[in-house]
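Asks: The structure is given below, and queries will be raised subsequently.
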2 protein chains.
Amino acid sequence: MNPPNWQTYLVTQASLSEGRSTLEIVEAAIAGGVDAVQLREKDTDARRRYELGLEVRELTAEAGVDLIVNDRVDIARAIDADGVHVGQSDLPVAVARGLLGSDAIVGCSASTVAEAREAEAEGADYLGVGTIYGTTSKDVDPEQDGVGPERVAAIADAVSIPIVGIGGITADNAGSVVEAGATGVAVISEITAADDPRAATEALAQAVETATPIENGGIANE
Amino acid sequence: MNPPNWQTYLVTQASLSEGRSTLEIVEAAIAGGVDAVQLREKDTDARRRYELGLEVRELTAEAGVDLIVNDRVDIARAIDADGVHVGQSDLPVAVARGLLGSDAIVGCSASTVAEAREAEAEGADYLGVGTIYGTTSKDVDPEQDGVGPERVAAIADAVSIPIVGIGGITADNAGSVVEAGATGVAVISEITAADDPRAATEALAQAVETATPIENGGIANE
């Protein structure tokens, strides 16, 4: 497959959606032009993730939006997702690749240059780099500062696969992440918890679109 | 495949092993003659379950013991397990079967006749029926009495696939479960928390072996 060239990437988490359904959030994000959706829903059992995944697959397929499943390769296959995203505590990239084949997208979370290099060597198609800014969306210390756009720049310099920044990204700071070398940004709260998830997606896309990637040895301009 | 004909079935859970490793418990159970091992380890992340699974696969393959993975079809495939065991909150039996193919063993938890019939209709190879006796090993109310051997008898009457009873089973009460119509018994604590897991496995096997299944079309004593 071609390396994913996503500018905006929604990671789902029903518990942050202020009572709205994940489907409703995904629908709004698609209307707002999101490029990829990751079915995360970590606190939901496999049966529900599978059932929800079938519905999200229908919406994303209709819209031509890529669908990635967090962690579970089996659910990704069962709902015919485009790929899987694994973290450092999930199945190794090479194992996920072996199960899904070469046509699937396999992404990996990396917070250091070493993790990024290893994921690329194992065959990852893209990296989720973060936590960029301190965030309460995922299971990280909400007080931490995050690795910052500097880490994106360091990783972009070390690998040649696309990077999406994740963690505490908003329309206000997304530009810095892209300028540091990311292709796009992944968010949970910025879209999921927004008053208007569609407008939030559009604002994010606009911020990424207008950012000027630094012209250097990273992946920005290749 | 042939329907599994297990008499003793160990379900792993490191947190109940009194500080011993899961590998150590599995090794002792194999020495004691266990017929099948289910990699459960619900409170462990996927990476660790995969790594541990590779080691358990080596031990079980050497001994000719069947290895089943709880819930995760992807891990089952990645470690070349013999099959998967799904609960009512996991992927549906038919989906697991579709992902694993007809040669794999697919088991399903059932606590009612309706669940048992549905699992059989979807293609399950065996049923784990329980909770038989109140137990603290799994995520059930420790105060509950369990469905009892009567439920095994009712389910054995309704389906034609093998049944293993699970939940609070010991060498003392295993006989009643087999007499009610189960082929064998699955345990966590009885082996995992035993002072001597090998001896506990032997005692369990002996109890199952000497129990006399009721000789008729299904229900225990009719």
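Glycine is treated like the rest: Cβ placed from N, Cα and C.
From TrEMBL, here are the annotated features:
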- A:9-191: domain 'Thiamine phosphate synthase/TenI' (DOMAIN)
- A:GLN38, A:LEU39, A:ARG40, A:GLU41, A:LYS42, A:ASN70, A:SER109, A:LYS138: 4-amino-2-methyl-5-(diphosphooxymethyl)pyrimidine binding site (BINDING)
- A:ASP71, A:ASP90: Mg(2+) binding site (BINDING)
Asks: Count the other Cβ atoms sitting within 10 Å of the Cβ of A:ASP71 (Mg(2+) binding site), across every protein chain shown.
Replies: 23
Asks: Averaged over the domain 'Thiamine phosphate synthase/TenI' (A:9-191), what pLDDT does the predicted model reach?
Replies: 95
Asks: Among the binding-site residues (A:GLN38, A:LEU39, A:ASP71), which are close to chain B, meaning C-beta separation under 8 angstroms?
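Replies: It is A:ASP71, listed by sequence.
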Asks: Taking A:ARG40, A:LYS42 as the binding-site residues to compare, which has the smallest set of other Cβ atoms within 10 Å?
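Replies: Looking at the binding-site residues A:ARG40, A:LYS42, the Cβ with the fewest others within 10 Å is that of A:LYS42.
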Asks: If you draw a 10 Å sphere on the Cβ of A:LEU39 (4-amino-2-methyl-5-(diphosphooxymethyl)pyrimidine binding site), how many other Cβ atoms land inside?
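Replies: For A:LEU39 (4-amino-2-methyl-5-(diphosphooxymethyl)pyrimidine binding site), the 10 Å Cβ neighbour count is 30.
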Asks: Sort A:SER109 (4-amino-2-methyl-5-(diphosphooxymethyl)pyrimidine binding site) into helix, strand or coil using the DSSP assignment.
Replies: strand
Asks: Sequence gap of 6 or more, C-beta under 8 Å: which same-chain residues meet both conditions with respect to A:GLU41 (4-amino-2-methyl-5-(diphosphooxymethyl)pyrimidine binding site)?
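Replies: Within the chain, A:GLU41 (4-amino-2-methyl-5-(diphosphooxymethyl)pyrimidine binding site) has Cβ neighbours under 8 Å at A:THR12, A:GLN13, A:ALA14, A:THR22, A:ARG48, A:ARG49, A:LEU52, A:ASN70.
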Asks: Any idea what the Cα distance is from A:ASP90 (Mg(2+) binding site) over to A:SER109 (4-amino-2-methyl-5-(diphosphooxymethyl)pyrimidine binding site), rounded to a whole Å?
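Replies: On Cα coordinates alone, these residues lie 10 Å apart.
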Asks: Are there any residues at least 6 positions away along the chain from A:GLN38 (4-amino-2-methyl-5-(diphosphooxymethyl)pyrimidine binding site) with a Cβ closer than 8 Å to its Cβ? List them or say none.
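Replies: Result: A:TYR9, A:LEU10, A:VAL11, A:THR12, A:LEU67, A:ILE68, A:VAL69, A:ASN70, A:HIS85, A:ALA186.
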Asks: Between the Cα atoms of A:SER109 (4-amino-2-methyl-5-(diphosphooxymethyl)pyrimidine binding site) and A:ASP71 (Mg(2+) binding site), what distance do you get, rounded to the nearest Å?
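Replies: Here the two Cα atoms are 11 Å apart.
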Asks: Where does A:ASN70 (4-amino-2-methyl-5-(diphosphooxymethyl)pyrimidine binding site) sit in the DSSP three-state scheme?
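Replies: For A:ASN70 (4-amino-2-methyl-5-(diphosphooxymethyl)pyrimidine binding site) - judged by DSSP and reduced to three states - the answer is strand.
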Asks: Can you grab the distance from A:ASP71 (Mg(2+) binding site) over to A:ARG40 (4-amino-2-methyl-5-(diphosphooxymethyl)pyrimidine binding site)? Cα atoms, rounded to a whole Å.
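Replies: Cα-Cα, rounded: 8 Å.
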